[in-house]
Amino acid sequence: MANAKPFCLLGFFCLLLQLFSIFHIGNGELEMNYYKESCPKAEEIIRQQVETLYYKHGNTAVSWLRNLFHDCVVKSCDASLLLETARGVESEQKSKRSFGMRNFKYVKIIKDALEKECPSTVSCADIVALSARDGIVMLKGPKIEMIKTGRRDSRGSYLGDVETLIPNHNDSLSSVISTFNSIGIDVEATVALLGAHSVGRVHCVNLVHRLYPTIDPTLDPSYALYLKKRCPSPTPDPNAVLYSRNDRETPMVVDNMYYKNIMAHKGLLVIDDELATDPRTAPFVAKMAADNNYFHEQFSRGVRLLSETNPLTGDQGEIRKDCRYVN
């Protein structure tokens, strides 16, 4: 009888550990090296595929970065963006906000390589996050450490929310700051993330209002003439691939040239001019224009914050076998 109480306490303690374990599994969190036991080569496979695809199709690296934003800003980093219209799901890719997005077909190449190594293990949501990280490196941007994994995939899409949650090309700076703030991203990181425009482009349909019938006075005059050559019609075909790059000097490099351009009034969008002049953001713009290392530091921080937006973890969602369809 003397030992009954200690054994009872020990049994109770073990029960608590079991309950904690169950709770932890059902309510997991993102962590570093999540696949170290279940699929040790996962991150290396993704990196290799991103590199291979980049050398065959250079613009895939830009697509991976854009995918991260479009996926994570809409509700969750859960690969809902990758779902095609099928089995009662309406694809987010149908939204006007997704105009110009491409290279979704190459996600399947990455997923197939992972499925061959570790079937039904690595989520499409983690592919979105890690391919963005590795794509940034291919674009000569920062090598971002501390990208956590363990996301799970949604079982549906949020097409009805895309128009509300993805900023429009002509949204105000205040609106964009509010959007990022709502997912836990501060102003400094927001300014840095907008630096992704360094490798972006804007279709003429979204910028001609700054050129016709009169030129926006905030635009550098010589730059405005260049844009009119790129976009010669005030009413461009909305489906035509007519565009201008944000950065003419280093269009495929994630660097601080974007900030130098907007300080010289050579930004494509209204928000570019606001970013360089608004007292909330102008100091960050000036500092990033002057210091590429500082820009890379803040850009890395912004990407980490963005990639951890409201993920599905534990027993939420699923691990899709094909990123285009729910299981």
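Heads up, the Cβ atoms here are built off N, Cα and C, so glycines get one too.
According to Swiss-Prot:
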type	residues	note
SIGNAL	1-28	signal peptide
DISULFID	Cys39-Cys118	disulfide bond
ACT_SITE	His70	active site, proton acceptor
DISULFID	Cys72-Cys77	disulfide bond
DISULFID	Cys124-Cys323	disulfide bond
CARBOHYD	Asn170	N-linked glycosylation site
BINDING	Ser198, Asp247, Thr250, Asp255	Ca(2+) 2 binding site
DISULFID	Cys204-Cys231	disulfide bond
Asn170, Ser198, Thr250 as recorded positions, winner by CB count within 10 A: Ser198
Env. residues of Ca(2+) 2 site, Cβ within 8 Å of mean position of Ser198, Asp247, Thr250, Asp255 Cβ: Val199, Asn246, Glu249, Pro251, Met252, Val253, Val254, Asn256, Met257, Tyr258
Sparsest-packed among the disulfide-bonded residues, when each Cβ's other Cβ atoms within 10 Å are tallied, from Cys39, Cys124: Cys39
Residues that sit under 8 angstroms from Cys77 (disulfide bond) by C-beta distance, when 6+ apart in the chain: Leu68, Asp71, Ala125, Val128, Ala129, Arg151, Leu306, Ser307, Glu308, Thr309, Asn310, Pro311
Top Cα neighbour of Asp255 (Ca(2+) 2 binding site) in the set of recorded positions Cys39, Cys118, Cys124, Asn170, Cys231: Asn170
Fewest Cβ neighbours within 10 Å, where candidates are the disulfide-bonded residues Cys72, Cys118, Cys204, Cys231, Cys323: Cys118
Asn170 (N-linked glycosylation site) versus Cys323 (disulfide bond) - Cα distance in angstrom: 31
Packing count at Asp247 (Ca(2+) 2 binding site) (other Cβ atoms within 10 Å of its Cβ): 23
Residue among recorded positions Cys118, Asn170, Ser198 with Cα closest to the Cα of Cys204 (disulfide bond): Asn170
